[in-house]
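The structure appears right after this line, and notes come after that.
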C-alpha cells in the first residue's frame, strides 16, 4: 500500500516540470482506480503527506525540476531540513504506536468477552460410542460411532455419509482436508501427533530462528471445518476385506491398546522414515522429520556449547563437541548446516567465550560429487562457493561407514582408486539421506502381492493403491509412488487398441494406444510426443505395424525413461489437493454415477482425469542467501533471495495464525537474536 | 496512552451539563501534567485530532460550552456522522498498517546486515583455563580462570577483582545481577538451567495462555552486562575454610563430573523444593516450579483430553481423565486451577467433543478453612465465590493422605469430629503446598552448627549466613530466612546497652537497647514502638530496671511476634537488589574501609543498613478476574483487575524481549485461542 502512494507522490513531484507528453499518467481522463484510492490508506497522515510532497516538490523545483534541459539553472537550496526528517520519523513512530495500541485495545476488549459462564449439560451420546461393538479378525472394538456424532443435527447427518479415513497428518493429509467439501464425508484423521507440521522450516526451528510452535497447527482445528474427527493413534494394520483399519492408541497417559476404525474410503498419507543404507550406529544420529527432532537438536547444540564453555573441558573434547556433522547433501542437510552456521556467527559469538566460535567446525558428508545434486548445476556451485567461503567443510563422493557416539567414520575413493577411511570426531550427527517405508506402509505393501516397490506403495495415476479394492484405498505423498511401468499394461493396451483384432498394432491403432498410455501413465507424455518417429523406430521388421515383441520393447524403454516423482512436500500437497477435490466430486456425482450404472468405486475415471504433477520449483536456504530452481530458470543470491524464500514459505502456511507467528519470529530474531535457552 | 486521553475526552463530554462545583478537574489553574501531555501521543494524526476535537468542541459549544450552569439549553445535534467514524477507523487501520510496514521494513533491513563473514582467530587463552589446577579436600579441578578471562583487556582487568559466585538463576540472582555495578566483581553464576524463569506466569504457561519461551531469558545474556560467566552446573557442596564451591556438571551430553569454583563472596540463591509433608506417592504429582514442569503439565492435560475423546474410553475412565486435582490453595494452585478452567471453557470446548467438557471437574484441596488464606478475607471470599460459580470444587479443611497414579485420597474432619476419608479419581494432580530445602541448601545448613531452621538457611539482617565467615557467604530468597529470635542476642545486647555495667537495664539503657535490637532485627520494629509500655509491662518486680530474666522473657515474646518473610518472588527480588547494591558499595568503598582499618568482610554494616522488606502487595489470577491484596486495600474484579494483573507482571519482566513476547502471546491467544498441539 505504501509503495504505490510514495511512487505516485514521487511521480507527481518529478513530473512537475516535465513536458506533458512525457507524462502519460497525467493525461486527461479518469484516474486509474488504484492510483485514485490507494493514497488515502497509504499515507494516512495528511499533514505529513503534504509536508512530504511539498518538500519533494521544492527540492525538485530547486534542483532543476526533473532535469528538463530548457529550464533555468537551479538556484542553491538546502537539502530537506533535519527537522522535517525528524517530524516524519516522529509521525511514523507515533502512528505505529497509536495503531498498535488501538489494535491491542481491540484485541484485549475481544479478549474480555471470551469469558462466559455457560455450562454444557445434556449433550446426547450414542450408546454405541460408549460401548463399541467388537469384531474383525482380532475381535477388537470397532469405532463405528464417535463421541460427537450425535451432538447436533449436522453431526447426525454426517454419520450417514461415507466414512473417509486419512492416515497421517502431513502435507498430503492437509491437501485432502483443505480441498474436501464440508458435508460430503464423515472424516477421521488418524495421526500419532495432534498437529500438522510445516516441515520445510524444521531446520530453522532446530536452531531457534523460528519457534517450533510457529510450525504447528492442531489437527482438530483443521478438521473443524469438515466437522471431522481426530484419532490420536498410530495405524498398524489393515483388513481390506472388511474395510477395517487397525490402530494403536499411543497416548502416554494410557496403556497401549488396539482398535478397528471402519472406512469406506481410506487415504494413506503416512509419510516415510529415513533410509538406513544398512549403516551401523544410526541410533547415535539425529533425524529432522518431526518437531521433537528439532527440539532435541536445539537442546543438543546448546548443550555442546555449554560443555565446551567449561574451563575444565580439554581442547580435544572441545573440538569434538563443536564439530557438527551432517550426513546428506540434500536440502534438509544443507539448510541445517547453514542454520547452524548462522547461529554460531550471529548469536553464539556474542554470549559464549569467543574461543568456542574458533573451535566450531561444520561438516557435510555427501555421497554424490556435488551438494544439492537434484538442483541445477549453477545452484550446486553457488551453494558450494558460499559454504567454502564460510569455512563449512564439504566432503563429497564420500560414503558414511558407521556412526559412533563420538565420531563418524566415512570412506572416500582416493585418486589411485583405493578407498581411504577417514573419521570426524563429533557430538552431533544429523542423518538426512533419503526415505524408506514406515512400518505401516511396509505392512500394507506386504499385504498386496503385486506391490514390489521397495520404498513406497505403488499407486496408479488416480492414486489408487494397486491391488487394493478399486476406489477404496488411496496413497499419497512419501508413502506412495506412481507406477511408471507401461509394459505391465501391455495386454490391456493391446486389447483396447487393436481394433481389427489382428494381434498387431498399425499406426492408426498406435495413435489410439498412445492416448491410452497417456491416460494411464500421464508422466509418459513427454516421451510419447513423437508418435510417428517412435512407431518407425521400433518397427524393426518395417512391416508398418508393431507386433507384441516390438511393442514390449518400446513400452519397456519408454517406461524406463520416466523418472518417479520426488518425495517432496510439493508432490504430497498436490496429490492431496487432487485427491480431496476428486473425492468431493465423487460424493456429489453419486446420483449421476448410479444413473450410469457405475458404483462410486469405479467413479474415479468418470469424475476426474489422472493426477498430473506441476513442478513449481525447488528452493533452499544456504545461510543469509537462498537458491531457487524453477526448472528452466535458476535464481540465487543473498538478501533478496532470502526474502523470496521466506515469502514462499510464508504463503504456504496452513493458517493465518502460523503466518503471524512466523513473521513475529523473524522480527523478534531480527531485534534480539535467537533465544539461547536450553529447553 | 490512549486511555487517559479518551477518559479526558469522555470526562469533558459527560461533564458538559454538570454544575461547575461537581467538576474539580475543570477548575481554573494549570492542567495536570498527564492530561496536558498525553493527547499529542495518543492522537498523533493532526487532521484526525482536529476533526475529533472540532466535533467535540462543537458538541460542547452546542451543549452548553462545558456545562456552565448559566448557558442556554443545548440545541438538538446529530451524532458524529457514520462517515467520520469510518474515516477515523480507516485512519487507524491505515496508520497501523503503514507503521507496522515501516517497522517490519526496518527490521528486515537490520536483519540483512546481521550477516558477516568475519572469522575469529587467535583468541588468547590462559593455559590455566585449559589445564586447571587440582586441589581442595577432594582434589578436584579448581576453576580459577575461565575461557574468556583473557579475551581482551577488560576481561583481564576483571580477573583481578574479587570473585563473586552466585548459586541459582531465579529472582534473587536476578536482583543481584541487575543492581551490581559492572567492573566491581568477577561474577560467576552457577545454575543447572541456562536461563532465568519468570515463575509467576508458570500457571499460564502450563495451559498455553503464554508460551514457555516468553518466560525465559538466557543467563548468559543477563551476565553479559557484567562480563560475567555462567557455569551450567549444580552446586553440591561447600568448603568454607578454603572458599571453594563444589559443583556437578549436569549436561546430559557429558558424563557427570565435579569441579571446585573458588569464591571471595558467595551468594546462595538456590531456591527451594516442594515440601512433602511425608505424604506417600508424591511421585505421581506434578509440581509447578520450572519450565519443564509447565511443559509436562501442558502435555498431560492435552493427553487426557485426547484419550477422553476416544470412543472406546469408558465413562468412568473419562471422568477420571478429566478430573484435575490441585493440592494447595495458595496462589500457584489457585491460578493453575483457574487457568485449566479457562482452557476448558474457551478452547477445549470448541475442538473436542462437547461431552468432554461436561465431564471436566476441577478440584482444589486446601488444608486451611479458606483458599488464598494469606490474602485478606474479602479476597478469599471473592475467589471462593468465583470458583463456586464456575463449578470448581473447593475442598477445605482437608488433609491429603496419599496420591496414587489414579486417585488422590484425603481426609476431612466431619461434624462429629471424626475424620472421614474421601478419594477423587484423577489423572492429573498438582502438588503446591509450601517449600522445603533443596539438597544443596540442606547440605550448607548441616555444615553449620548454629543452623537449626528446618526450611531454610538462617541469615542475619544483612543477609549473611549465620555461622559462616563474616561477609563471605550470603543467602537470599526461598533458600534463606532472616533470623527472628532476639533472645539469642541477649548477652551481646546487654553488653552493648548496660552502660553502668550493673547487670540491669534501666529505662535509659533500654532505649539504647531498643535501637540496637531494631538494627539487628529490623522486622521487630513494629513490636517495639511502645518503648515505655514494654519496659513497664515486663518490669515484673517494678524496680524501674529489667534484670536478665525479665529481659529474656521480653525479648522471647517479642521475637515470637515477628513473622518470617514469606517465600515469595517479591522477597527474593528485593533481597537480591539490596545485596547487589551493597556488594557494589562494598567494592567501591574498599579504600575507605581499608583506611578505617575495616576489612571488606566487616564492611557490610559500614556501607549499608540492614535489609528492610517493603511489601508491595500480593496478587492472583482467578480466571478472567484477578485479586490484589495491597495491605490496607484489597482490589478484586473482572476485566480491569485482570489487565492490572497483566500490567504488573508485564512491568516486572527482565527484558524487553520477554515483554514483547508476552504481549504477543496475549494478543495471539486473544485472536486464535490457545494452541492445543501436544509438544
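Even glycines carry a Cβ here, placed using N, Cα and C.
From the options A:85-109, A:110-134, A:135-159, the stretch TrEMBL describes as transmembrane segment is A:85-109. Range annotated as region 'Disordered' by TrEMBL, chosen from A:59-78, A:179-198, A:199-218: A:59-78. Cβ atoms under 8 Å from those of the domain 'EF-hand' (A:485-520) belong to residues 460-461, 528, 531-532, 535, 544-548, 551-552, 555-556, 558-559, 609-610 of the same chain, restricted to positions at least 6 beyond its ends. Mapped onto DSSP helix, strand and coil, the domain 'EF-hand' (A:485-520) counts 25 helix, 2 strand, 9 coil.
Counting residue by residue with DSSP, the domain 'EF-hand' (A:526-561) contains 24 helix, 2 strand, 10 coil.
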